[in-house]
Amino acid sequence: MDGYSSKKPRSASPSRSSLTEVEEEERDTLLKTVSLEEEDKSGENGPRKLRRSRFLYAIGILMLSNIAFIAAFLTVFVQKRALEPARLPPWAPPERYESRVFKYMDVYGGEPGPKSEEAWTNLIPKGKGWIKVHNETAIPDMPGLDQSLPEQSALVSVFHQLHCLYMTRAGYFAARSGNLDEVNVVHVSHCWDYLRQAIMCHSDTTLEWLHAPPDNFGSTGWGYEHQCRDYEAIFAFATEHRAGERQVIHG
């Protein structure tokens with residue numbers, strides 16, 4: 001033996017295991033660096049995303065508010081238009097409404113006399129409810145209407161109805177007095193059916209409540225409020241556009 005150790009000298013290059021450890025350390029360091037960079041980026045994008053979300057939320061709320069406002073406006077507009085009376089041509093009588101409570105008036109329902117005759121006659125305007133309509137405005141092409149004429153005549157129906165009611169009243173009292181020759185049967189027969197159709201046409205739906213016993217025998221109709229057309233306004237219109245000066249309810 002020469003006295004030297006038999007161990008081999010260490011190689012100057014690192015072993016495979018030591019290389020693996022170094023690589024893992026470098027990889028971990030790199031991953032930590034990348035992770036920190038991503039955290040930094042996410043930290044920068046966080047407020048930006050939050051601001052964008054808030055902006056989109058505000059836009060959505062604004063759009064919904066606008067839609068709700070438009071819907072409410074259209075609803076109110078449609079309801080208002082529905083409540084407004086239809087636009088009438090200049091030659092048409094006014095259609096205004098008012099509340100009226102029905103009550104018995106003896107001057108109309110009682111026996112004939114000078115006072116009652118005056119009261120009934122005063123229900124009719126001068127011209128007996130006949131009006132003049134100029135052809136300067138559009139007039140519907142009714143049967144028998146000559147559109148070539150410069151003006152037309154028309155009878156406002158309510159005054160025709162009042163005339164018919166008066167004629168049936170006059171016929172009743174004439175017959176009760178035994179003066180049957182004063183009753184124009186054809187005229188009265190016409191008036192009965194004309195008034196029937198007029199009443200059914202307007203069909204007043206006011207409810208007349210049954211009274212408590214012992215008055216639960218029916219209804220007089222007195223004391224109930226009705227929605228009525230403004231008769232005074234129609235009377236004034238017929239007077240302004242009257243076709244004549246005669247003021248009578250009969251004939």
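Please read every residue number as a count from 1 along the shown chain.
Using N, Cα and C of the backbone, Cβ positions are placed for all residues, glycine too.
Annotated by Swiss-Prot as motif 'HXXHC 2', the relevant range among 52-56, 107-111, 187-191 is 187-191. Residues 164-165, 167-168, 171 of the same chain lie 6+ residues outside the motif 'HXXHC 2' (187-191) yet bring a C-beta within less than 8 angstroms of a C-beta in it. Under DSSP, residues within the motif 'HXXHC 1' (160-164) fall into helix, strand and coil as 5 helix, 0 strand, 0 coil. Secondary structure of the motif 'HXXHC 2' (187-191) per DSSP, as helix, strand and coil residue counts: 5 helix, 0 strand, 0 coil. Within 10 Å of the C-beta of Asn135 (N-linked glycosylation site) we count 14 further C-beta atoms, all protein chains included.
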